[in-house]
Amino acid sequence: MDLCQVFLTLALAVTSSTFSGSEATPATLGKASPVLQRINPSLGTSSSGKPRFTKCRSPELETFSCYWTEGDNPDLKTPGSIQLYYAKRESQRQAARIAHEWTQEWKECPDYVSAGKNSCYFNSSYTSIWIPYCIKLTTNGDLLDQKCFTVDEIVQPDPPIGLNWTLLNISLTGIRGDIQVSWQPPPNADVLKGWIILEYEIQYKEVNESKWKVMGPIWLTYCPVYSLRMDKEHEVRVRSRQRSFEKYSEFSEVLRVIFPQTNILEACEEDIQFPWFLIIIFGIFGVAVMLFVVIFSKQQRIKMLILPPVPVPKIKGIDPDLLKEGKLEEVNTILGIHDNYKPDFYNDDSWVEFIELDIDEADVDEKTEGSDTDRLLSNDHEKSAGILGAKDDDSGRTSCYDPDILDTDFHTSDMCDGTLKFRQSQKLNMEADLLCLDQKNLKNLPYDASLGSLHPSITQTVEENKPQPLLSSETEATHQLASTPMSNPTSLANIDFYAQVSDITPAGGDVLSPGQKIKAGIAQGNTQREVATPCQENYSMNSAYFCESDAKKCIAVARRMEATSCIKPSFNQEDIYITTESLTTTAQMSETADIAPDAEMSVPDYTTVHTVQSPRGLILNATALPLPDKKNFPSSCGYVSTDQLNKIMQ
């Protein structure tokens, strides 16, 4: 099949030589060329030894030029031996139809000189944009090569011109620098009016390198190049192309960039690059390993820091198992033993300030005989107005020096000074007679007659002078003093100030059980008056403290009585202070030794516990007296402790 086509082509070529005239040859070639291209595209051009088109380009989209080669035939190297014919078509459809009909007229190249050797130049008058062109090469009527295109497809601008560079910056080490390369667009491209739009590509490298570094495409006519070695020479070149096309122009002239000379040592230091990346990697790995080791070794402590344990309830001296098992009795026992856990009952229980009883005179002896009421309340308290229980800011007890009552109308007897002096003088006068009485005479004589006849001043002193409250600067609780006239003075030695606890109040106080009655020793009449001993004159029975002067007098009396009774007083070392009752008992032991206990006397009834002195001892709250109408100011006196009193008694 292919051989038949070749023979047909040769036959047509031979027959074409029989026609004469110059116009017949192009027409025949025009008819034969499309047929050859349709039959075999490889036959569109002659063999490699024949002339052919190399390129067609339009630098500014206004003109274009086409170039070809001479071939191997020496006859074709002579000028004018090869001709270029072109043909314009109105449109692609019309061009295809005309080419198919073989009726289009071909025109020869208008200029073989302007574009150079073996070229054809088409100026603006022969150039039409967006209109297809077809060109062909012939020699002596023979078709050498053929090509069709449009002008906008063959645009290939000229290279940029006027390359230059400017130093922008130098690094702190002085080893690298930044430059800016600038250029001008091709002079024949109408870039300013926008007829053609160009984009550029810049390439640079060191002189001794073979590979170029590419930057682009760039629309501007300048471009910065960063981090160039200042100790090396660099080459820069630029080329351009129409936007959205693939064909670049030729490269511009190479621009050499030479920096000023720099220190060679600095360049060497720059060449030695420190492996910062590896150091960072190994550093992070080492820190992670250290953290893992620390967390693994201290995991218990870290766990306690993050999640601290819940503290177990714990009381010092108490087993927590007792609280868990609910053994509250044992816990209360432990709390009672330790002083730190003792409750302050005085904060919860209010003290009794005074007790008022409405008792008929006829029933006084019957109801109050042998009871605590005889000691707490008496007719002398109601009649007397010289007893004052004033609270001192420092000690909590009564004081004659309270500034709030300095302007009070004093009693006419001047209880703080006159009464005390009068009593002291009476005691000095009666002391010798009272202590020198014969024990036998005291036993034989009636009590009222002996004391009333021998010492009438004693009864008068007791009736007129009420017991004064004693001062204390070291006690915490405020105690009001009370006078306790009793039918028999010997019963004072047998009164108990401690009793058994029978119940506990909700506020924390203890209720004592009533005590059993005891023998008093001497029958008491309903109309008998109480006769005070020398040691009872200057202090009250209910007072928890005593004055130093009164103590010395009582001790002197007790020593005189030791000669007859041979009874030596003793004081408990556990007590912090000596109570008035103990002194009274010691002073009266000689008088009560020979008296037979015939009468019965009851111990104190009910009261509240002030504090726990020992596991088996309770200190009771004293009963306060009602405040009188007028204030009396007792004189101040010192206090004697247990050790001091024992030394004096020895």
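Quick reminder: no glycine exception, Cβ is built from N, Cα and C everywhere.
Motif 'UbE motif' is the annotation Swiss-Prot gives to one range among 159-168, 259-268, 269-278, 349-358, and that range is 349-358. According to Swiss-Prot, of the residues Asn169, Asn621, Asn169 is the one noted as N-linked glycosylation site. Here Swiss-Prot annotates a disulfide bond for Cys56; of Cys4, Cys66, the partner residue is Cys66.
Looking at 403-423, 445-465, 466-486, the range tied to region 'Disordered' in Swiss-Prot is 466-486. The Cβ neighbour count for Cys109 (disulfide bond), using a 10 Å radius and every protein chain shown, is 18. Nearest to Cys120 (disulfide bond) in space, judged by Cα atoms and limited to the disulfide-bonded residues Cys56, Cys66, Cys134, Cys148, is Cys66. Of the listed disulfide-bonded residues, namely Cys56, Cys66, Cys120, Cys148, the sparsest CB environment within 10 A is found at Cys148.
In the predicted structure, the region 'Required for JAK2 binding' (303-390) carries a mean pLDDT of 61. Rounded to a whole value, the Cα-Cα separation of Cys66 (disulfide bond) and Cys134 (disulfide bond) is 11 Å.
The DSSP secondary structure for Cys148 (disulfide bond) is strand.
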